[in-house]
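Shown next, in structure tokens, is the structure this report addresses.
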Amino acid sequence: MAGAEGDDSLYPIAVLIDELRNEDVQLRLNSIKKLSTIALALGVERTRTELLPFLTDTIYDEDEVLLALAEQLGSFTVLVGGPEFVHCLLPPLESLATVEETVVRDKAVESLRKISQEHSPVDLEVHFVPLVKRLASGDWFTSRTSACGLFGVCYPRVSSTVKAEIRQHFRTLCSDDTPMVRRAASSKLGEFAKVLELDYVKSDIIPLFTALASDEQDSVRLLAVEAGVSIAALLPQEDLEDLVMPTLRQAAEDKSWRVRYMVADKFSELQKAVGPEITKNDLVPAFQNLLKDCEAEVRTAAANKVKVFCESLPEDSRETIIMTHILPCVKELVSDTNQHVKSALASVIMGLSTILGKDNTVEHLLPLFLVQLKDEYPEVRLNIISNLDCVNEVIGIRQLSQSLLPAIVELAEDAKWRVRLAIIEYMPLLAGQLGVEFFDEKLNSLCMAWLIDHVYAIREAATCNLMKLVEKFGAEWAQNTIVPKVLGMANDSNYLHRMTTLFCINALSEVCGQEITTKHMLPVVLKMSTDQVANVRFNVARCLQKIGPVLDSSALQAEVKPVLEKLATDQDMDVKYFALEAISVLALA
Amino acid sequence: METPTKLPPSSPSSPTTGFSVPSAEKVDGFPRRSMRRARQRRSHSSSQFRYQSSQVELTPLPLLKDAPVAELHDLFCKKLQQCCVLFDFLDCVADLKGKEIKRAALNELVESVATSRGVLIEPLYPEAIKMISVNIFRTLPPSENPEFDPEEDEPALEASWPHLQLVYEFFLRFLESPDFQPSLAKRYVDQKFVLQLLELFDSEDPREREYLKTILHRVYGKLLGLRAYIRKQINNIFLRFIYETERFNGVAELLEILGSIINGFALPLKSEHKQFLVRVLIPLHTAKSLSIFHAQLAYCVVQFMEKDATVTEHIIRGLLRYWPKTCTQKEVMFLGEIEEILDVIEPSQFIRVQEPLFKQIAACISSPHFQVAERALYFWNNEYILSLIEENCQVILPLVFGTLYRVSKEHWNQTIISLIYNVLKTFMEMNSKLFDDLTSSYKLLLHNNVDLITK
């Protein structure tokens, strides 16, 4: 670079170049990340005339470094002197947009999109559009792929002649001979359509959409589905039938399951885009087919949409459509052979009860819930249980409680601890809906049993669960039902169970309040300070530190302080450490 | 009846089919994604059955060998049409009679094409290709295990294999028949056909990929007009694999075909072929699943070098650029490939890459993973490489000396230390003057550093 020796202002760039050539990638990366500092030191003029050319010419590096560079350049406008000079950033970004590695290229395109907004309309046509054209007619597929993402950002701000050129370039890329470029074009088709004038959407975009949606490669076709949704949203209702529906119908019956999956996955958006009439006539049968698809992947995607689809059906015919067309398919899915299908359905099926109302729910949905509650896969049962609140609003949970209980008990004792963990997390919700009586009678013993589970994560979740239950049912309930049991464990012969008592007290003291804590819990904790296991003793110290704020100062001084002081002279160093920590936190020294 | 169901000849480095026990219960007894039960219930999959709504009842036709010559072609054609009926293999007891009739018909067709002359007349070509297309072209089913790891997991086997295998066998015999006329076939085996054939290489079933490999190789050999197209589409599959999905089951098989194609490239290499090497084959080394196809890939790379030595520098610099940073298993593979390359390198090319190469080798020697260090040190057991090192001792020894000296004092593994001593001894014998100079300057450097620290 500039050979002005002895010029102090060259020092930062000298450092940069030095580090950019370092063998250690991490150093090169650091230096790229400090690029803005260096540019600031150099000033806008020299950033433009020296730094950027240097970066453009000499960068051939690890993808990680290039990624950082591509990102930096996106916010470099101020550093090159503002919007007036933003076009200086184009050359380095242009070469980054042709790199093979997808993440680098995507980042370069993202930065280009960002700085395109900072170009004046004139600069856009003079500098930016030519770059897009160069990329669009590049030799290697990478540059053409990148170009696909840039048409949409410049189109609205250029003259009509240039607009025509841009449309032409996009058309060419849609029929590129490499599938990579067609995929990129297909994925940007919807975005591009949004910025086009309606006439051109009809005359240009529709043929492209039709062609891409019947491409020989399913990876291209499936991307066209999403574009189809965007395009449908742009067109007036009367054109939909002729222009997009034939293609969309064909996509829903594509021979590749990937395309059908995509249709199922985008079904709600599609429904919204085409409006109620087409939904009734076309989408309902299509949805039925997707729910009955031969590939489980497609059925899963469709099952996930059941609730949203039904919710958005036109109100006048909603119930009839659901009862006569959708529900029969749903009934079949309940006994599907694939667990993912059933599990997807279980996560939304409860939502149908709000739509169908009380009578239909009791007559038609309830039997399905009951079947799913007995499903062989825990995930299915869990999904039903986790959505009980929807049914509760409509028919009350009592209707279900008879079947619910065995399901809960079975999950609570599942051999897999993650399943047990999941059901614990729903306990507060269930408790709230089933009421305190039912809870005491049926579920309380389960909650206590988890406290002595052999997996720590379960014991931990069980303590947290107790706290939430107390928040729901109040301190009095706690004192009568759970506190005695928790404290009883303090005399257990297993030190892990004794520690669980301490963990429970940690969690419960605050929600139970000062009185219960001082009167019932504190004596137990203090007594445990002489436990023969050091782990129990230092947890006593930690517990005292935790519950200290709940106690009044006399209890602290008279009871807690002597015990902590004694623990502070314990022969075990951990016990000492935590005792001293508690003394200092509680300011008892 | 005797059926020629010999599997296609397997080529030089046939991939292993020994699959290890699934690692499901390894971590905490909680199977990954709790998919296992579903997998056990349905270890076969097939998307094939869907497209036939009304099932046709098959009736057995007379045997081909009993047919009078005048009716032979007509009967052959009827059998081909009969074999276009597809059956549901997921339901293993459905329509057993029909399945048996089709199986027998396919067997007859295979035998007839393989043994009798004069059967393949022009009107049969479209019928045969249609029968093949209807049977083999299908959208592959979704992988039952979304995290399918070809090294760890059992592949899902194609349920309709009892029929599919015979169809592939028929196709292969058809292509290999002495009566086969490329000029007739090319009207039906066109670009669209080949594209669909290539997509099938993603099949999880190794038996299917094995057939496809042999078949595509024959197509490439006989239908000259499709060659460029096939190469281009394989390029696209690889690029998508590298930069988009990282998933494609048939990379090894496609590379195996390419290995023999490269052999036949004309000299000087066309820029298309060089581009393929630099932009596709070299970046393939970055794939996570490299171990599945590394042997085939290295074979292709070496083929290129043997064809045209001037690509050597591109290859070595490319490998150095993509050198694995954290995966020692891959590092060992890279070292293996470098040795294969060095085995056939021209001395003039060696000089062009020796500096960066031996910097990397030095880095490998100081790897705390002993297999990496060991693999690098084994280079000195290779006669040819040793002769290259000796010729360029002045350049190479200074590059590796510091590392060798340091690692010989520090490495935790005894084998590595003794290997290093051997290497040092070799260097000492090669050029004792240089060796002594380096030893004393290294010691001086060490001494200064110690001084620097203690001061």
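Glycine is no exception: its Cβ is also placed from the backbone N, Cα and C atoms.
Whatever TrEMBL says is automated annotation, not expert-curated.
Here's what TrEMBL has on this protein:
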REPEAT    A:12-50  repeat 'HEAT'
DOMAIN    A:86-270  domain 'Phosphatase 2A Regulatory Subunit A helical'
REPEAT    A:89-127  repeat 'HEAT'
REPEAT    A:166-204  repeat 'HEAT'
REPEAT    A:205-243  repeat 'HEAT'
REPEAT    A:244-282  repeat 'HEAT'
REPEAT    A:283-320  repeat 'HEAT'
REPEAT    A:326-364  repeat 'HEAT'
REPEAT    A:365-403  repeat 'HEAT'
REPEAT    A:404-442  repeat 'HEAT'
REPEAT    A:482-520  repeat 'HEAT'
REPEAT    A:521-559  repeat 'HEAT'
REPEAT    A:560-589  repeat 'HEAT'
Number of helical, extended and coil residues in the repeat 'HEAT' (A:205-243), per DSSP: 33 helix, 0 strand, 6 coil
State the residues, same chain only, that lie 6 or more residues beyond the ends of the repeat 'HEAT' (A:326-364) and have a CB under 8 A from a CB inside it; answer 'none' if no residue qualifies. 284, 287-288, 291-292, 296, 299-301, 303-311, 318-319, 371-372, 375, 377, 379-381, 383-384, 386-388, 390-391, 393-395, 399
Over the repeat 'HEAT' (A:166-204), work out the mean pLDDT and round it to an integer. 93
Mind checking which residues of the chain, 6+ beyond the ends of the repeat 'HEAT' (A:404-442), have their Cβ under 8 Å from one of its Cβ atoms? 373-374, 378, 381-382, 384-386, 388-389, 392, 397, 449-450, 453, 455, 457-458, 461-462, 465, 468-469, 471-473, 477, 481
